[in-house]
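Read the structure below first, then the notes.
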Ligand code: ADP
């Protein structure tokens, strides 16, 4: 037997590990299973590509054997194996570049260091969190001699010749005090399912199972071997090999739901970064979609090993309804949440994933409109949130969201609205600020009806906030009809400015309404109604201001609306002809208040409004 010393860096690392800088000791199993899985991958690759290995048997499996009494766990694989040299260099040194640099960054502050270690990844050495002795017996594929490596994880290791009937590696863990909790079959099954369920190879657990002996009325221990993982890693198989049923089954295990998904997008990226993504869109929006405390439905895997779920970094918030998997070849197994936040690999995957999801949705919208409608019925709103937050994908999102409109039943796309634009129509128009029924009857729409111009009905509460920030659809301006300048578009060339003739009435209205209005002017947008209110370009509408106050924004400056009056309306004409008396003053206030009411804005003094209304009624009844 020969004694070898660990490379200095390994000793330093082991010191850190043993002083439990690692927060989850259970990950030792994930690391060892992942090593076995890599070893199986390597051998499979050789048997497929290298003549010298083609004849070798390849029965891939990983076996866990538990001895509860001795408190040992054996992990065996039929993978590539290691010879003496491999064992010495792989399990005695750290070959990775940047090791020195990494170790020099450690500060002695347990919390900071454990993050760094997570980023670096300690792999095999993590076993010394739970073991006071580890034996590795390995035989390299294509060689006859096997070797035993033994260490207590402190000073160094011993190496000696050993026997092993087939190629592969066996790791025997002698649990320490901390590790004793893992000498438990339930615990092991749980950990394997949590982290390694989709490792592509079967993982078997052999343990003493308690079985009821009816004859002797006692339970017997029966040595049992069971497969504990699903061994599917379906997403790593080529699309051509997978059936719809496969995808649906995986969806259920990923989402924990019972229903079938609406659609799925499966992508394998090869190039500077290698990763696989499989995204599902659930048929029904998740129940927590609008909770502040929603749960992310995409899980992160690294090389088929489950790393974490509920990581908000994986996709932008507006895509929180998406379920599925991101499986990267390039992230370290021990990647932590902190690291994910500024990880370049993940940022690249995320950016590409968003593009992929959106472009697939665009395809569906174009080629399967019926399916797309089902999607929109559930997810139009989150897509609109994306318009607000995801500037880079705004153009695509504008194509994807759907709108109510004055021209069609149901919903329409901006592309369709564009195709229906009238000759000479300069912009696409929309109205916001209340329930659909209120918006549809707004006086602001009258001129559009008269000119047969389409207006989008944006009745979601956040529509004004979102769309006031979006000025264009392609080359076309998007304009809110309740903005004062929008009416400029509509002025026909033959329509002279009627403000001049209304001057005396406008002066009277200004005097009466005082500081309740910013301005009073002749309207070009009204047909049937005598009056309406509009806001300045840069200001939130009155309705919006009202909502912002209701949500607790108390310190909003009081922004005043502009009152517009319809020069062609009978009431306006009569008022113009009348002297400024108390009836005219009542009428002035009623013109203003009714305009507010039509916009769904509460009027300041309902009692005064009713009194005026009754005085006017009294004259006409
Ligand atoms: P990593 O897996 O990140 O490279 P580890 O410390 O876990 O780091 O393992 C170091 C090396 O030891 C691996 O790269 C691999 O070459 C070798 N190794 C570990 N476990 C096995 C195994 N079960 N079969 C074959 N080789 C292994």
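Glycine is no exception: its Cβ is also placed from the backbone N, Cα and C atoms.
Those TrEMBL annotations? Automatic predictions, nothing curated.
Features reported for this protein in TrEMBL:
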- 31, 35, 77, 82, 90, 97-98, 119-124, 169, 337: ATP binding site (BINDING)
- 24-179: domain 'Histidine kinase/HSP90-like ATPase' (DOMAIN)
- 1-337: region 'A' (REGION)
- 547-621: region 'C' (REGION)
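Taking a Cβ cut-off of under 6 Å from any atom of ligand 1, the binding-site residues 90, 122, 124, 337 reduce to 90, 124.
Counted within 10 Å of its Cβ, the other Cβ atoms near residue 122 (ATP binding site) come to 25, all protein chains included. In sequence order, 308, 311, 313 are the residues of the chain that are 6 or more apart from residue 337 (ATP binding site) and have a CB within less than 8 Å of its CB. In the structure shown, the C-beta of 77 has more C-beta neighbours within 10 angstroms than that of any other entry among the binding-site residues 31, 77. When other Cβ atoms within 10 Å of the Cβ of residue 124 (ATP binding site) are tallied across all protein chains shown, the result is 16. The average pLDDT computed over the region 'A' (1-337) stands at 87.
Within 10 Å of the Cβ of residue 90 (ATP binding site) there are 17 other Cβ atoms, across all protein chains. Secondary structure at residue 31 (ATP binding site), taken from DSSP and collapsed to helix, strand or coil, is helix. Under the three-state DSSP scheme, residue 122 (ATP binding site) falls in the coil class. Secondary structure of the region 'C' (547-621) per DSSP, as helix, strand and coil residue counts: 44 helix, 4 strand, 27 coil.
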